[in-house]
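Straight from TrEMBL, the features:
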- 12-38: transmembrane segment (TRANSMEM)
- 12-487: domain 'Major facilitator superfamily (MFS) profile' (DOMAIN)
- 50-66: transmembrane segment (TRANSMEM)
- 78-102: transmembrane segment (TRANSMEM)
- 108-128: transmembrane segment (TRANSMEM)
- 166-186: transmembrane segment (TRANSMEM)
- 198-219: transmembrane segment (TRANSMEM)
- 249-268: transmembrane segment (TRANSMEM)
- 289-314: transmembrane segment (TRANSMEM)
- 320-343: transmembrane segment (TRANSMEM)
- 355-375: transmembrane segment (TRANSMEM)
- 387-406: transmembrane segment (TRANSMEM)
- 457-482: transmembrane segment (TRANSMEM)
- 489-514: region 'Disordered' (REGION)
Amino acid sequence: MIIGNRSRRWAGLAVLAASLAMIVLDGTVVGVALPTVIADLHLDLTDAQWVNSLYSVVFAALLITAGRIGDRFGRRRLLLIGLAVFVLGSVCAALSSGIGALLGARALQGLGGALVLPSTLSAVNATFRGRDRATAFGIWGAVMSGAAALGPLLGGWLTQLGSWRLVFWVNVPIGILVLVAAILLVDENRSGAVGRAGLDIGGTLLSAAGLGLIVFGLIESSTLGWWRPKAVLDLPGLSWPTTAPISPVPVAIAVGGLLLFAFVGWESRRRRIGRATVLDLGLFGIRTFVFGNVTAMLVAVGEFALVFVLPLFLITSLGLSTLAAGLVLAAMAAGAFVSGAAARHLAAAIGATRVVVLGLALEVVGAALTAVTVGLSGPGWSVALTLLPYGLGLGLASAQLTSTTLRDIPTDRSGSGSATQSTVRQLGSALGSAVGGATLAGVLGGRATPGPDTDPATFATAGAAAIWASVSILAIALVAAWRLDRVSGRRPDQPINVGDGGTTSRPTASYRRG
């Protein structure tokens, strides 16, 4: 896919890495800016959850199908379109004057990100061989790790420098430069095999609608009511009054579950007749893949619930600046950087699954300490200290969870396996923001709006409750990881290079298409 001699290939890799950095940053850079967005656009907590989650929901719903479209119609073409859509979404977000425009822009960004990610990794996979490939994947994974870790700090700095709008404006000149460089340095590449099987548009629509309705129910629960209607739901062509016998929340979640059930049936039928599917159901006969993805989903939910709540607490309850809040959250990145360097060697000694168990145990301990500190309204430096063990666990668990989950996947199905894991983790990140926000709003009550008028102690109590919810989910993930260790045969695993696995929201995993 990247043309020219060896030096030109490495220049092309720099272009792909820059593309990747933009879309990964967009998943973590917004959190610290949220309190400022809430104040400027007069949003409530439900609106803030949508701003944070919608990017991941769209990303998760379209990721696998986007990869197949690139295989069929050209990966370079998909990359260029994705970059253009992402830049357009960034412009729209920066110019947003209300919640509707901002959410539309975030959806556009999610679409652009879903088009870009599989294109970048397909290019690396198709271009480099041998030691060069290992180095290229290492760079790809390091860029993902660095971008995810730097997101909160960059978001805090840009917001304090000028406005939350800079968080989006910064994508525009960089995106245009990357787009031009991609035109010059990236050649076309496609796979003819996909064309014979077609695209699974029906599966994409069923999964997107099902996941979207479930996320809708979780996010809107505090506003509309879990069971009895608390507020009127007004949508184009639909009005759900407070006099209705039941809230739209359980209805949305139930319909979403039915659509996902129908999605599984649809995928099973298409697999039997040899047509393309969004989800390779055959992979779920592999126990390490099943338990690995269950663990990855739970971990993503727990982690992103924590990451959604912490910036709001630091700024609303402690009165920190956005830059100071970003610096506190950077403690997670520092811990992950230290342990990530040792994770591979530790996995070679005791096995990758046991490293995952150890890492998640540290995450649970760190998150629990953070919950206690937040409940006591501890100063920012104390929060940073509790985030260090959490970050150490994050660095240990991340890449090794990916390697274990994909270890038993046949080579010719590695693309489907890593794509599924990418989607699972993106979905987990969206659900995590929804769970964290729903818990926060449930304690605060009603359409809570974090801001200057919010009582700091009350918000600290609500924040602690939300983080305890994160701790509970991470504890369940720890049990799932222990089970994963059992089914993996308790033998030392050969850890893989970062970039061989799958996600955009976790720092050291990736998406791979062969």
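Cβ atoms here come from the backbone N, Cα and C positions, even for glycine.
Comparing 166-186, 198-219, 249-268, 387-406 for CB pairs under 8 angstroms to the transmembrane segment (50-66), the maximum falls on 198-219. Within the chain carrying the transmembrane segment (78-102), a Cβ under 8 angstroms from the stretch's Cβ atoms is held by residues 19, 22-23, 26, 37, 41, 43, 47, 50-51, 66, 69-70, 108-116, 118-120, 123, 165-166, 168-169, 171-172, 175-176, 178-179, 182-183, 186, all 6 or more beyond its ends.
In this chain, the transmembrane segment (320-343) touches the transmembrane segment (289-314); three or more CB pairs sit within less than 8 A of each other, excluding pairs fewer than 6 residues apart. Counting same-chain residues at least six beyond the ends of the transmembrane segment (249-268), those with a Cβ under 8 angstroms from any Cβ of the stretch are 200, 202-203, 206-207, 209-214, 216-218, 220-221, 224-227, 277-279, 281.
Mean pLDDT across the domain 'Major facilitator superfamily (MFS) profile' (12-487) comes to 83 in this model.
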